[in-house]
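Reviewing the structure listed below.
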Amino acid sequence: MTATTVASTRAAPTPGADRSRARARGLLLLRRLGSAVFVLWGTITVTFIVLSVLPGNRATIVLNVQSGQTTVRTAAEIAAVDRQYGWDKPVVVQYFDYLLGLLHGDLGVSWQLKRTVGSIIAEQFGPTITLAIASLLVAWILTIPWTLWTAGRGRIRGSIGSAVETIAAGLPQYWVGIMLLLVFAVNLGWFPVLGGTGFAGTVLPVFTLAIPLAGFLGQATRTEFDRAVRQPFVLSARTRGMTESGVRSRHVLRHALIPGITLSGWAVGSSLSGAVLVESVYGRPGLGTVLVSAVSNKDLDLVMGIVILISFVYVVVNLLVDVIYTIVDPRLGGTR
Amino acid sequence: MSASAIGTRPTPLRRRRTRAALPVSVIVAGIVALFFVVAAVFPQALAPRSPLSIDLLNTLSGPSASHWLGTDDAGRDLYSRIVWGTRTSLLIGLGAMAVSLVIGIVLGFASALAPNWIAQPVNRFLEVLLAFPVLLLSLLFVALLGPSAPSLIIAVGIGSAPGYARLIRAQALGVRESGYVEAARALGHTSRTIFAQHVFPNAFRPLVALVALGIGQSVVWASGLSFLGLGVAPPSSEWGVLLNAGKSQITTAWWLEVLPGVAIVLVALSFTQLGRYFQDRSEGITR
Amino acid sequence: MNKTRTRLGLVATAAVASIIALAGCSSSGTPATASGTPIKNQTITYVHEQEPPCIWGAWVQEAYLSRQVFDSLVSWDDSGKPVAWLATKWTTSPDGKDITFTLKDGVKFTDGTPFDAAAVVSNVDYWVKNLGWNSFSYLTSATADSADQVTLHLSKANPEIFRELSNGHYGIQSPTALANNSQAQNCQYPVGTGAWTVKKWTQGQDILFARNDSYASAPSNAAHQGPAYEKFLDWKFASDATTRWSALTTGQTDAVYDPPSSQWATAKKDYDVHSFVTGGRQQAFSFNTAQGPFTDVKVRQAFAYAVDRKQIVESVFKGSVPFDGNGSLSPTNPDYLDVNSTYPYDVKKAASLLDAAGWKLNKDGVREKDGKTLEVKLPYGAGPIVSQDGAIALQAVQQEVAKVGFKLDLVPLTQTQLFSGQGQAPDEEDIQFGYWVWPAPNILDIVYNAGTTAAPNGNNTTHFDDPSVQAQIDAAQVEPDATKRKADYQALQKYFNDNAVAVGLYDFTNNVVTSKDLKGFTQDQGSNGLPLFSDAYLVGSK
């Protein structure tokens, strides 16, 4: 959740004509867009600065990667490469060149893969976002029944529920990956070891990310669930004669989901990071693997392209989270 | 990583104490946590054998009376390696947690409470950091500083700081608007007093459980970087290093991968359990 | 904990059972013939470790891929001689600087361009420009004498040029593609005359090679002429050894690169294993002879005596990789000298050498001289250069040298640090550890040539600088008489070993494990052991 969201949820609904409400809504939208553009620009700039100050001469890396050597290079060799890629220009000029290119929709070329960044991203984005979104969905599918079954139902169930969540949340992702691989792919043979991007190959990677994530979502949901159960409206619903399960699933759960939903925006970002490890365990294509090698080789254009994309996804997901938020939280409903 | 307690809402401080007996889970968690704390401070008391002593004639032997948890591919005693690795792992966990908390507190409170000309830019900066892929931050810093415990601490700490900052900001905003702060204001307290006595403690308290969980998570996160070859240098027996080394033996010597993982889970679980207990106690909730 | 243990134990038992069942199956399925009936036009799946950025380039990982798509002028044979491939015969000028090749007739690149002398000339130009280390082959240019005859020019005689040309890096590409296609196309979808063409490269996953149906230019030492038996070659990537191995045991792939060494015994029992020790120099310790404690020959020798290198390699690699004591040259290269019996494990000798060099033990068990402790730094490229097993071996070395009073600091470098040349300068290291794949004995020139002050030779990891020795290297590599050349090279290897400028640890070995259902798999003999699938075919259950 971005800071603007916090601000906007606090904005009191202005009573008045539909027209002014529509105008306010339009303004809000503009502000959101402006903030999104700012965030994108900010991530680009931060990445650019960090990559520029990162030790390790880029031209040396290019020369060594292309020749499979690890040697120190002479000034003449370095100068030639710098000239070839335009790295002899001042960093500020390179920065504005990059931004200018970006405005024309040009993400640049990866020196490492010798392809346009756009084409690499187009190829690699699908598997990664599939993984991220599917694991978020599966995590929710695991979390909701688990919470309903264990939360607010006495100490023993609660402790078991909470212990399982804590364990799940504390599991190292790639450790889960290796365990699932060992049991379900290597020994039971239910899934392929090297699955690629098909359905059968996606199941284990998705669970690898979903299990720890479900632990987090479960913790957040349970904390809120335990609080909500003690709220006055629960009592009033009960006195209205609502069944216990009805109260739990209709009223309490609705409240309890809010922190988890807020968390989902973060979760997508985290899954994109976790995807790197999972892709490495399962030999799966995706942005993660590309990003690690791009960072290692200071393949600036490629790193920037991926950063822009991930930030973009983050912004979009958080907008979605805001929308879902208003639907779920009865206290916020209607005004936006 | 930082997220588990996002749902916690600022609760006014209550001074109600319950005299309930310690729950069993807390006692168990306390014993486990104590074990690891002792392991971190006095490893030789728990594992007299050297964690680095290589025995190439006794590699990959399973758990037995002489090697409780078996040996690794260099014949080193896994139990000793886990015990001696505790210090580095917990230091990384604590260090990363401290780094991210300090950054988080400064940025979080600044964005919530500072005058507009400070709060606005800090806010924007936070937004940018939040949208930044966490892994990339870590990757950049390890690539920048080389693989070592300090660079892991900084990488993981900075990577998780934005989450804490956001959380603290939300808490601080909530507390600022709450009735008792308004009351204190009406009573004419200075803003410094209000911050020190009301806002900070109330905004910070919900983070206690989170800190405990965060330590475990930082260990996990650091081990993930180890997996990518960006961890602490071997032959250190930091748990991430152990997990990373164990994966190539998984089909022959499961203990090398499973047991260090269990150690991580135990730390995460016991610390979280304790953190949650203290948080509940301070809020006057018994479970 | 107990529960986990039992469960995993059960699972492991199940795995063993299924392997036995599998093995039983395949042997009972085809009882009579060892080779079985080929099932053609299928897909062979192979899982490799590292994914390079391009099909062709100067990195050895790229040679693996180039070899599938391109043909070379000559092929290296098991007999230790070059044999005809795209060139049918060749002659060397008396001064050894010009080699004239007669080219095979009627060969076409897969884009339709005919293969001729002009094509070779464009490729030579391309190599000279793009292969960073090409100068060590002394190849400078080429001229087309006629349509089917081309002469390659060298800056000095190089009797081993054929070993180099048979290498995957010197594969011939379509001159039309080189001239007209984009860099990206030539990187991902280059055009050759080879047995396979690149059909689809999915970065991070696999490269799908399709059979070149009109292939008619197999090397003369290939098992068969004409197109490959199977229709596709699915070349997957998985950086994790356990993942690769598991893909093989679950029957998902027909061949894998480098299994975990703990599985080597199983691999030998249940599968076919193929090992090739690469040419060049081995995984060796290069001592810094320019600066620091290792400028003293006694200290270098003490280090070598202090380590039971053979035992370490045997224990760590479990037979998958051999020990090699020669730090200068690989056993695969011609003129190799076996020095495996030198510097046997001898702690006393190591201690007395250090005493003699003036390094005395202090109370912490570390040696000291003139107030400085014997702390030495060993940076190494963890991952791309030194595998996890290699790192274990280094840790064992660390423990053994500590017993005689060395404090050895292992400094793993990230890929960024490694490729940006960190830990290479004389003041940043005391020992370097790594290999260099190269087909010819002039690897000595690559790794011991000091270069000039303006352009020091970065490959010289020992910072060795002795003009008289360099003169001997220069003389050896142009020596036309094979017997004399061998004697010269062996004398040089003896010199470097006696002075412990560099001592070896283990051979850089390319291991491939194939399923019993894959027949006809071979490794290229031209110094890299590149896996070859054009003669391979599937039998049995598929």
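Start at 1 and count along the chain as shown; that gives each residue its number.
Note that Cβ sites are derived from N, Cα and C of the backbone, with glycine treated the same way.
According to TrEMBL, the domain 'ABC transmembrane type-1' annotation covers A:125-325.
Sequence-distant contacts of the transmembrane segment (A:29-54) (same chain, at least 6 residues past either end, Cβ-Cβ under 8 Å): 2, 4, 91, 95, 98-99, 102, 298, 300, 303-304, 307-308, 311-312, 314-315, 319. Marked as transmembrane segment by TrEMBL: A:29-54 (among others).
Counting residues 6+ beyond its ends, the transmembrane segment (A:129-152) has Cβ neighbours under 8 Å at 158, 160-162, 164-165, 197, 202, 205-211, 213-214, 217-218, 221-222, 225-226, 229, 248-249, 252-253, 256, 260, 264, 267-268, 271-272, 275, 278, 284, 286, 313 in the same chain. For A:129-152 (among others), the entry in TrEMBL reads transmembrane segment.
Residues or ranges marked as transmembrane segment by TrEMBL: A:173-193 (among others).
What TrEMBL records for A:199-217 (among others) is transmembrane segment.
TrEMBL lists A:256-282 (among others) with the feature transmembrane segment. Remote same-chain partners of the transmembrane segment (A:256-282), defined as residues 6 or more beyond its termini with a Cβ less than 8 Å from a stretch Cβ, comprise 1, 128, 131-133, 135-136, 139-140, 143, 147, 151, 173-174, 177-178, 181, 193-195, 201, 204-205, 208-209, 212-213, 216-217, 220-225, 228, 288-289, 291-292, 310, 313-314, 317-318, 320-321, 324-325, 328-329.
Taking Cβ pairs closer than 8 Å, the transmembrane segment (A:302-328) reaches residues 1-2, 5, 8-9, 32, 36, 39-40, 43-44, 47-48, 51, 98, 102, 107-108, 110, 112-113, 117-118, 120-121, 125, 129, 254, 257-258, 261-262, 264-265, 268-269, 272, 287, 290-291, 294-295, 335-336 in its own chain, all 6 or more past its ends. Residues annotated as transmembrane segment in TrEMBL: A:302-328 (among others).
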